Amino acid sequence: MKIYIGNDHTGVEMKDFIKNHLVNNGYEVIDLGTNTQQSVDYPNFGKDVAQKTVADPGSFGIVICGTGIGISIAANKVKGARAALCYEQETAKLSREHNNANILALGARVIANHKAIGLVDIFLSTEFEGDRHSKRVDMLND
(Lines of atoms letter the chains of each structure in order from A and count residues from 1; the text may use other names and numbers.)
(Lines give C-alpha, C1' and ligand atoms only; values in the text may rest on other atoms or scores of the structure.)
Protein backbone atom coordinates (compact mmCIF):
# COMPACT_ATOMS: atom_id res chain seq x y z
CA MET A 1 0.00 0.00 0.00
CA LYS A 2 1.26 3.46 -0.89
CA ILE A 3 1.17 6.27 1.67
CA TYR A 4 1.79 9.91 0.78
CA ILE A 5 2.99 11.87 3.81
CA GLY A 6 3.48 15.61 4.12
CA ASN A 7 4.19 18.06 6.89
CA ASP A 8 5.19 21.57 7.74
CA HIS A 9 8.10 22.57 9.99
CA THR A 10 6.30 21.57 13.20
CA GLY A 11 5.74 18.02 11.97
CA VAL A 12 9.24 16.97 10.88
CA GLU A 13 9.95 14.77 13.92
CA MET A 14 6.50 13.14 13.88
CA LYS A 15 6.69 12.57 10.13
CA ASP A 16 10.05 10.82 10.45
CA PHE A 17 8.74 8.67 13.33
CA ILE A 18 5.63 7.63 11.37
CA LYS A 19 7.55 7.13 8.15
CA ASN A 20 10.04 4.77 9.81
CA HIS A 21 7.19 2.80 11.37
CA LEU A 22 5.38 2.46 8.05
CA VAL A 23 8.48 1.46 6.08
CA ASN A 24 9.33 -1.14 8.74
CA ASN A 25 5.82 -2.55 8.30
CA GLY A 26 6.07 -2.91 4.54
CA TYR A 27 4.33 0.24 3.32
CA GLU A 28 5.62 2.28 0.41
CA VAL A 29 5.99 5.82 1.74
CA ILE A 30 6.29 8.87 -0.50
CA ASP A 31 7.62 11.80 1.55
CA LEU A 32 6.23 15.11 0.29
CA GLY A 33 6.96 17.07 3.47
CA THR A 34 9.67 19.44 4.55
CA ASN A 35 12.74 18.13 6.35
CA THR A 36 13.67 21.39 8.00
CA GLN A 37 12.31 23.19 11.03
CA GLN A 38 12.55 26.49 9.17
CA SER A 39 9.06 27.96 8.88
CA VAL A 40 7.13 26.85 5.78
CA ASP A 41 3.50 27.17 4.68
CA TYR A 42 1.36 24.14 5.56
CA PRO A 43 -1.29 24.69 2.83
CA ASN A 44 1.22 23.74 0.13
CA PHE A 45 1.95 20.38 1.78
CA GLY A 46 -1.69 19.59 2.52
CA LYS A 47 -2.68 20.30 -1.06
CA ASP A 48 0.22 18.29 -2.49
CA VAL A 49 -0.56 15.18 -0.42
CA ALA A 50 -4.27 15.45 -1.23
CA GLN A 51 -3.69 15.78 -4.97
CA LYS A 52 -1.36 12.78 -5.05
CA THR A 53 -3.68 10.66 -2.88
CA VAL A 54 -6.77 11.42 -4.97
CA ALA A 55 -4.89 10.73 -8.22
CA ASP A 56 -3.67 7.34 -6.92
CA PRO A 57 -6.71 5.15 -6.04
CA GLY A 58 -6.03 2.77 -3.19
CA SER A 59 -3.40 5.01 -1.64
CA PHE A 60 -3.73 6.99 1.57
CA GLY A 61 -2.33 10.29 2.80
CA ILE A 62 -1.06 11.54 6.13
CA VAL A 63 -0.67 15.27 6.77
CA ILE A 64 0.91 16.87 9.82
CA CYS A 65 1.10 20.42 11.12
CA GLY A 66 1.06 21.89 14.62
CA THR A 67 -2.56 21.06 15.41
CA GLY A 68 -3.59 19.26 12.23
CA ILE A 69 -6.35 21.80 11.69
CA GLY A 70 -4.84 24.03 9.02
CA ILE A 71 -3.31 21.26 6.96
CA SER A 72 -6.57 19.27 7.03
CA ILE A 73 -8.47 22.31 5.77
CA ALA A 74 -5.92 22.70 2.97
CA ALA A 75 -6.15 19.02 2.02
CA ASN A 76 -9.95 19.10 1.98
CA LYS A 77 -9.95 21.83 -0.66
CA VAL A 78 -8.91 19.17 -3.21
CA LYS A 79 -11.90 17.47 -4.84
CA GLY A 80 -12.06 13.84 -3.76
CA ALA A 81 -9.95 14.36 -0.65
CA ARG A 82 -11.52 13.39 2.65
CA ALA A 83 -9.01 14.41 5.30
CA ALA A 84 -9.96 13.56 8.87
CA LEU A 85 -8.33 15.27 11.82
CA CYS A 86 -8.06 12.59 14.49
CA TYR A 87 -6.87 12.83 18.08
CA GLU A 88 -8.36 9.59 19.44
CA GLN A 89 -8.51 5.97 18.28
CA GLU A 90 -12.29 6.04 17.92
CA THR A 91 -12.22 9.01 15.55
CA ALA A 92 -9.50 7.36 13.45
CA LYS A 93 -11.61 4.21 13.21
CA LEU A 94 -14.89 5.97 12.47
CA SER A 95 -13.30 8.30 9.92
CA ARG A 96 -12.58 5.20 7.83
CA GLU A 97 -15.70 3.14 8.64
CA HIS A 98 -18.26 5.90 8.17
CA ASN A 99 -16.58 8.61 6.10
CA ASN A 100 -14.16 6.63 3.93
CA ALA A 101 -11.46 9.15 4.81
CA ASN A 102 -8.43 8.82 2.58
CA ILE A 103 -6.16 11.24 4.46
CA LEU A 104 -5.32 11.28 8.16
CA ALA A 105 -4.47 14.67 9.65
CA LEU A 106 -2.42 14.86 12.84
CA GLY A 107 -1.21 17.62 15.14
CA ALA A 108 2.44 17.36 16.16
CA ARG A 109 2.02 19.84 19.01
CA VAL A 110 -0.97 18.05 20.54
CA ILE A 111 -0.30 14.32 20.00
CA ALA A 112 2.72 12.32 21.16
CA ASN A 113 4.56 10.36 18.47
CA HIS A 114 3.66 6.99 19.99
CA LYS A 115 -0.03 7.90 20.10
CA ALA A 116 0.18 9.04 16.48
CA ILE A 117 1.48 5.59 15.49
CA GLY A 118 -1.60 4.01 17.08
CA LEU A 119 -3.88 6.36 15.14
CA VAL A 120 -2.06 5.64 11.89
CA ASP A 121 -2.30 1.87 12.41
CA ILE A 122 -6.03 2.01 13.14
CA PHE A 123 -6.69 4.37 10.23
CA LEU A 124 -4.83 2.18 7.72
CA SER A 125 -6.27 -1.13 8.95
CA THR A 126 -9.93 -0.07 9.10
CA GLU A 127 -12.20 -0.72 6.13
CA PHE A 128 -15.02 1.50 4.91
CA GLU A 129 -18.39 -0.04 5.88
CA GLY A 130 -20.23 1.24 2.82
CA ASP A 131 -23.98 0.57 3.02
CA ARG A 132 -25.81 3.63 4.38
CA HIS A 133 -22.54 5.56 4.56
CA SER A 134 -21.86 5.30 0.81
CA LYS A 135 -24.65 7.71 -0.09
CA ARG A 136 -23.38 10.25 2.41
CA VAL A 137 -19.80 9.99 1.20
CA ASP A 138 -21.01 10.38 -2.40
CA MET A 139 -22.73 13.61 -1.33
CA LEU A 140 -19.36 14.96 -0.19
CA ASN A 141 -18.02 14.54 -3.71
CA ASP A 142 -20.75 16.65 -5.35
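Just so you know, glycine gets a Cβ as well, placed from its N, Cα and C.
Here the structure is a predicted model, which means the values were calculated and not measured.
Quick look at what TrEMBL lists:
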type	residues	note
BINDING	Asp8, His9, Gly66, Thr67, Gly68, Ile69, Gly70, Asn99, Arg109, Arg132, Arg136	D-ribulose 5-phosphate binding site
ACT_SITE	Cys65	active site, proton acceptor
ACT_SITE	His98	active site, proton donor
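Positions of TrEMBL features highlighted on the structure.
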| residue | record | DSSP (3 states) |
| --- | --- | --- |
| Asp8 | D-ribulose 5-phosphate binding site | coil |
| Cys65 | active site, proton acceptor | strand |
| Gly70 | D-ribulose 5-phosphate binding site | helix |
| His98 | active site, proton donor | coil |
| Arg109 | D-ribulose 5-phosphate binding site | coil |
| Arg136 | D-ribulose 5-phosphate binding site | helix |
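Restricting the recorded positions Asp8, Cys65, Gly66, Gly70, Arg109, Arg136 to those with a CA within 10 Å of the CA of the residue listed as 'active site, proton donor' leaves Arg136, listed by sequence position.
Across the fold, the C-alpha of Arg136 (D-ribulose 5-phosphate binding site) and the C-alpha of Cys65 (active site, proton acceptor) stand 28 Å from each other.
Residue with the densest Cβ environment among the recorded positions His98, Arg109, Arg136: His98, by other Cβ atoms within 10 Å. Counting every protein chain shown, 27 other Cβ atoms lie within 10 Å of the Cβ of Gly68 (D-ribulose 5-phosphate binding site). Neighbours of Gly66 (D-ribulose 5-phosphate binding site), defined as other CB atoms within 10 A of its CB across all chains, total 16. Asp8 (D-ribulose 5-phosphate binding site) has a Cβ environment of 26 other Cβ atoms inside 10 Å.
In this view, the densest Cβ surroundings among the recorded positions Cys65, Gly70 belong to Cys65, judged by other Cβ atoms lying within 10 Å.
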